[in-house]
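Some notes on the structure that comes next.
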């Protein structure tokens, strides 16, 4: 065989490998373009110039591979490089996409709140469907919008026109059906826990014959203009189940974050603080926890009006997610300044440093009756646990497994913080490595029972806390100073 023939045979034997390399190069370029777009669009790896390094390395691999393919050199080496690089970029792309999807799930329900409205009758009633109802007790004045929506829905779906019998409250409506003055009553499920305060067996004494879920849009915009400074409203709701369900808010903490100074200020407002509640609260005074009955927007507006600030974001967490979060972090350690035994779980907490698992943490933040300062001390304990969680989340170990933490909590946390907002925080932390200094403060006041009226529960003898104005003034100043440093 001539030398010319051997060269031709060798050339043709290399052709398939060259085609494969060109195909791999096209795949690598496509993966790289998508990953680079997501990286810059959502601020991934934007610390210590890692995003720039990532982009430069990709460009160099593309140029080198293209050169080798054109020159038909180092074919096997080129194949190995392109396969390994494609696997790396594909894995990175998967991580980006997974993080985006997880955050979208957290944001999914942040655009609306869900109110479950029902028509209920006494447990022993012979009525089994809405068509048999002609008299319907309802506190129209206290819950106008939701009751109107329910009645209009019944009219539309069942072609039934029902005129409600007006009552002073949901408790009053229940008394009417219990005494036989009405066949049925409207029930906003967010009020069940309020009724149970005076009627503990309420749920066992009724049956539901009609249910309608109302979705209401939540509109919140970032109104703060100082870069790196913002306020987050942290709401702990007193219900298990869907995070979008409207419920009372038992934990009300404003987290003021200044990433420029690496300072965090936690401001707790007791659930029983007597405040003016807008929107569904009719601009009337009531305890703060009742603001949650009208949706997270109302709770935020109430606190914005109280402290003269803007709340840029919110994170709404129910107790089931609280349990998951503590477990995912491997427990938290806090300093306990007074010994007590919790009603929830019957846990004993001595004075000093205590390490809490999920159940112990829940008992620690829920207890108020065993504490000297009652609800004020409970607020301080809530701040301690929140601060411990922040410190754990800010550690390098937790930051690197943030996806798994977010994945576990996506059905139990509701927030309007976007993927860009969250990534900016992560990048800032990874870039500086500086721990946040967490300070706490709690609004104080003077408690009394039955002296102050409740708009949501007229006539009820409820515990309320009249706010100490000097405490409020100091809290406002501290928030302002943290934001302006």
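A Cβ is built for glycine as well, from the same backbone N, Cα and C atoms used for every other residue.
The structure displayed is predicted, hence computed values, not measured ones.
Taken verbatim from TrEMBL:
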DOMAIN    72-187  domain 'DNA polymerase processivity factor'
DOMAIN    248-394  domain 'Cell envelope-related transcriptional attenuator'
TRANSMEM  20-40  transmembrane segment
TRANSMEM  52-70  transmembrane segment
TRANSMEM  77-96  transmembrane segment
- Across the domain 'DNA polymerase processivity factor' (72-187), DSSP yields 65 helix, 21 strand, 30 coil
- Task: Go through the chain and flag residues at least 6 beyond the ends of the transmembrane segment (77-96) whose CB is under 8 A from any CB in it; none is fine as an answer.
- Result: 17, 20-21, 24-25, 27-28, 31-32, 34-35, 38-39, 42, 44, 54, 58, 61, 64-65, 68-69, 403
- Mind checking which residues of the chain, 6+ beyond the ends of the transmembrane segment (20-40), have their Cβ under 8 Å from one of its Cβ atoms? 51, 54-55, 58, 61-62, 65-66, 68-69, 75, 78-79, 82-83, 85-86, 89-90, 92-93, 96-97, 100
- Item | Tertiary contacts of the transmembrane segment (52-70) (same chain, 6+ residues out, Cβ under 8 Å) | 18, 21-22, 25, 28-29, 32, 35-36, 39, 45, 77-78, 81-82, 85, 89, 92
- Pull the DSSP breakdown for the domain 'Cell envelope-related transcriptional attenuator' (248-394) and write it out as helix, strand, coil residue counts. 60 helix, 45 strand, 42 coil
